[in-house]
Amino acid sequence: MTPSNYQRTRWLTLIGTIITQFALGSVYTWSLFNGALSAKLDAPVSQVAFSFGLLSLGLAISSSVAGKLQERFGVKRVTMASGILLGLGFFLTAHSDNLMMLWLSAGVLVGLADGAGYLLTLSNCVKWFPERKGLISAFAIGSYGLGSLGFKFIDTQLLETVGLEKTFVIWGAIALLMIVFGATLMKDAPKQEVKTSNGVVEKDYTLAESMRKPQYWMLAVMFLTACMSGLYVIGVAKDIAQSLAHLDVVSAANAVTVISIANLSGRLVLGILSDKIARIRVITIGQVISLVGMAALLFAPLNAVTFFAAIACVAFNFGGTITVFPSLVSEFFGLNNLAKNYGVIYLGFGIGSICGSIIASLFGGFYVTFYVIFALLILSLALSTTIRQPEQKMLREAHGSL
């Protein structure tokens, strides 16, 4: 590939990834539909909302096998299939007449489709820009976050004008077309050459090799903690506002806007910063910010200002962590197997999405979950300040040996 073609191909891949990520991020408008689906199915909102928990779990599971899918079929085909399955999932959701069908379509099918496209396109795009990994992650994951904001207005307008069932059909069609079009612009990133620095081989670890390193599980704990704290607070922010900060319904609803802005800010600020300083130090900064926010929720007298500041801190770290982590994992274990190595760590997203709710349901209230998250943040902070990269292999001068 000539230098000019290489540049053109990677920038087209970036554009396709941004379009695809924007459409995939639309699933985070799900809370808009809980009330209408509850009325349609004559089921409690909590049972309807469980479909989003299944979606998050399915997303994490399919992300963990995205690397193997890319190896066999290529990024373009897998992304197109992801878009088609996502559109099908929304179509089936529109025609769901019971909870089980809703859970299978909106939860399992949409989640699996979304996860396959999300991590695959992200890791492939990062490989095209090894010199700007943080910035490219910020662009890609930032567009995923913007998708929830953009489709919030689209879906709200559709609900008001065409009703619930047609909204799902149109939403699915728009997402399908965007993802398939984005996929046509993408190409698989070339395999990265093994680099050497001062006689040291920068090794590309396979998944099996990575999982034998303690650093892999240290990173996994940090990622799980950020996801658990962010997803739990995002899920119950409105309830915390009313129960603990004693805000009225209108003021409490502003928590969604605050979280969206903080989440996106974390993705952009920490993502760009990760190209300037050591990425693990960026994770440490995010952990400190989240720790301050969680401490405020636990120990500070909550009013509108302290509450919004606290949840903003947690959401900022969550957005920043999921942006920086793909590049961080590639820094520790190499770029060539990033989709596989990050895919297993990304299971922490699915596990974290349900852990907070399980703890809260077992012990009642918010505070026990907050204390668990607070303790995990302290542990994660200790890990991020002590972790070191795996030892690399030294090149020997002797002929034919390493």
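Glycine residues also receive a Cβ, built from the backbone N, Cα and C atoms like all the rest.
Confidence annotation: the topological domain 'Cytoplasmic' (1-11) carries a mean pLDDT of 85 in the model. What Swiss-Prot lists as topological domain 'Cytoplasmic' is 1-11 (among others), and the listing cites sequence analysis.
The feature transmembrane segment is assigned by Swiss-Prot to 12-34 (among others), with sequence analysis given as support.
If you look at the topological domain 'Periplasmic' (35-43), the same-chain residues 6 or more away from its ends with a CB under 8 A from one of its CBs are 96-99, 102, 159, 164. Feature annotation from Swiss-Prot assigns topological domain 'Periplasmic' to 35-43 (among others).
For 44-66 (among others), the entry in Swiss-Prot reads transmembrane segment. Sequence-remote contacts of a segment are chain residues at least 6 beyond its ends whose Cβ falls under 8 Å from one of its Cβ atoms, and for the transmembrane segment (44-66) they are 27, 30-31, 34-35, 37-38, 78, 99, 102-103, 106-116, 118-120, 123, 231, 339, 343-344, 346-351, 353-354, 357.
Non-local neighbours of the topological domain 'Cytoplasmic' (67-72) in the same chain are 78, 116, 120, 123-124, 188, 207, 337-341, 343; each lies 6+ residues outside the stretch with a CB under 8 Å from one of its CB atoms. The topological domain 'Cytoplasmic' feature in Swiss-Prot is assigned to 67-72 (among others).
Sequence annotations record features per position, and here Swiss-Prot assigns transmembrane segment to 73-95 (among others) based on sequence analysis.
Among the features that Swiss-Prot reports, topological domain 'Periplasmic' is placed at 96-99 (among others), with the record citing sequence analysis. Within its own chain, the topological domain 'Periplasmic' (96-99) is flanked in space by residues 41, 43, 47-48, 105-106, which lie at least six positions past its ends and keep a Cβ under 8 Å from the stretch.
Positions annotated as transmembrane segment by Swiss-Prot: 100-122 (among others).
Summarising the annotation, Swiss-Prot assigns topological domain 'Cytoplasmic' to 123-134 (among others) and lists sequence analysis as the type of evidence. Below 8 angstroms of C-beta separation, residues 9-10, 13-14, 17, 66-67, 70, 75, 140, 186, 188-190, 192, 271-275, 279, 323-324, 326-327, 330-331, 335-336, 338-339, 342 of the same chain, each at least six residues beyond the ends of the topological domain 'Cytoplasmic' (123-134), sit close to that stretch.
Cβ atoms under 8 Å from those of the transmembrane segment (135-154) belong to residues 14, 17-19, 21-29, 32, 118, 121-122, 125-126, 128-129, 171, 174, 260, 263-264, 267-268, 270-272, 274-275, 319, 322-324, 326-327 of the same chain, restricted to positions at least 6 beyond its ends. According to Swiss-Prot, the transmembrane segment annotation covers 135-154 (among others).
The annotation topological domain 'Periplasmic' is assigned in Swiss-Prot to 155-168 (among others) on the grounds of sequence analysis. Using a Cβ-Cβ cut-off under 8 Å and counting only residues 6 or more beyond its ends in the same chain, the topological domain 'Periplasmic' (155-168) has close neighbours at 26, 29, 32-33, 36-37, 40, 90-91, 93-95.
Annotation source Swiss-Prot lists transmembrane segment at 169-186 (among others), citing sequence analysis.
What Swiss-Prot lists as topological domain 'Cytoplasmic' is 187-216 (among others), and the listing cites sequence analysis.
Annotation comment: Swiss-Prot describes 217-236 (among others) as transmembrane segment, evidence class sequence analysis. The list of residues near the transmembrane segment (217-236) in space but at least 6 beyond its ends in sequence, with Cβ under 8 angstroms from a Cβ of it, reads 56, 211, 259, 263, 283, 286-287, 290, 294, 297, 311, 314-315, 317-319, 321-322, 325, 328-329, 332, 344-346, 348-349, 351-353, 355-357, 360, 366, 369, 373, 376-377, 379-380, 383-384, 387.
Sequence-distant contacts of the topological domain 'Periplasmic' (237-250) (same chain, at least 6 residues past either end, Cβ-Cβ under 8 Å): 256, 259, 297, 302-304, 306-307, 311, 366. Marked as topological domain 'Periplasmic' by Swiss-Prot on the basis of sequence analysis: 237-250 (among others).
For the transmembrane segment (251-273), same-chain residues at least 6 beyond its ends with a Cβ under 8 Å from one of its own Cβ atoms are 134-135, 137-138, 141-142, 145-146, 148-149, 230, 233-234, 237-238, 240-242, 245, 282, 285-286, 304, 307-308, 311-313, 315-324. Marked as transmembrane segment by Swiss-Prot on the basis of sequence analysis: 251-273 (among others).
Against the transmembrane segment (280-302), stretch 368-387 has more CB pairs under 8 A than any other of 73-95, 100-122, 342-364, 368-387. Same-chain residues lying 6 or more positions outside the transmembrane segment (342-364) and placing a CB less than 8 Å from one of its CB atoms are 53, 56-61, 63-67, 119, 123, 207, 211, 216, 219-220, 223-232, 235-236, 322, 325-326, 329-330, 372-373. Within its own chain, the transmembrane segment (368-387) is flanked in space by residues 215, 218-219, 221-222, 224-226, 228-229, 232, 280, 283-284, 287-288, 290-291, 294-295, 297-298, 356, 359-360, which lie at least six positions past its ends and keep a Cβ under 8 Å from the stretch. For the topological domain 'Cytoplasmic' (274-279), the residues of the chain that approach it from at least six positions outside its boundaries are 132-135, 137, 323-324, 327-328, 331, judged by C-beta separation under 8 angstroms.
Sequence-distant contacts of the transmembrane segment (169-186) (same chain, six or more residues past either end, CB-CB distance under 8 Å): 12-13, 15-20, 22-24, 26, 75-77, 79-80, 82-84, 86-91, 93-94, 117, 121, 124, 151, 154-155, 158, 162.
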